[in-house]
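> Structure in C-alpha cells, see below.
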Amino acid sequence: MHFFSFSFALLFCGLVLAQDDGSTAGTEENVEVQSCFPDMCDLLKEFGAMTEKLKAMETRLKDSETRLTVSETRLRESETRLNNSENQILELRNKERTNVMFSAVVGTAGTLGPFDTDTTVIYKTVITNIGNAYNQYTGVFVAPVAGVYYFTIFSHAGGAHPATLYLFKNNEHIITTQDHQSDYDTADNGGNAVFLQLQQGDQVYVRLAENCHIWGYNQHTTFSGFLVSQM
C-alpha cells in the first residue's frame, strides 16, 4: 500500500514539473503556478479517503477477532461447567439407585458353641440380601459404598453357658450383647444396634466369645443391616 502511495506521489511531481517547463515566459506579475491538475487532486483525495476506510476496517476486524476469541473462551468454560454438572447429576442418580440391606439367621440345628476361642458367626440362612453385600459363607458384610449404615444383632440362648456376641468393624470391637450363665434361668434374649460410618470395602461381622453359645435353630439369632445414607 505504501508503494502504491509513493508511485502516485512521483506521478504528481512529474506532472507539476512538466507544467512548469512548458509554460510561456511572461511577466512575473502574471505568472500563476498551478499545484496540480483538478482531476489528479480529486483522485488523490479519493485515494486518501480509501486508505482511511481500510485502516478503520482493519481496526474493526481486529476488534471482531478479539471478541471472537473471548467468545470461544467463554464457550469452552461453559462446556466444562456443563460436563461437571452432568457428572454431578450422574453421581446423584447413582446414589439414589444404591440400595443395600440384608438380614440373616444362624440357621443351624441345635446350639452354636461353645468354642475354645472367639469365633466368627456365620449366619447361613439369608432372608434378604439386596445389594449382595453380605456373604453367607463367611458371615462378613462388606460395604459396597461409603456411607452411614445401621446394624442390629439379636440372640437367644439357654442358661447353661454365657451368651456373648461382639460386633466388629474391621478389627475394631464396636458393640456387645451379653447374657451370663444361670442355673435357674432356662433361656434369655439379647440384642444391640449401632449406626456406623463406613468407607467402601470396610467389613462388619459378629464374633461369638469363647466358652459361650447361642441357639441356631428357629430363626432366633439374627444379624441385619442397611444403608441409611450414602456419603
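Note that Cβ sites are derived from N, Cα and C of the backbone, with glycine treated the same way.
What TrEMBL shows for this protein is this:
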- 1-18: signal peptide (SIGNAL)
- 68-95: coiled coil (COILED)
- 95-231: domain 'C1q' (DOMAIN)
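Neighbours and distances for these, please.
In the predicted model, the coiled coil (68-95) shows an average pLDDT of 80.
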> So, by DSSP, how many helix, strand and coil residues make up the domain 'C1q' (95-231)?
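Across the domain 'C1q' (95-231), the residues distribute as 3 helix, 76 strand, 58 coil.
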> Residue list, the coiled coil (68-95) vs rest of chain: Cβ under 8 Å, 6 or more residues beyond ends.
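For the coiled coil (68-95), the nonlocal Cβ contacts are 145, 230.
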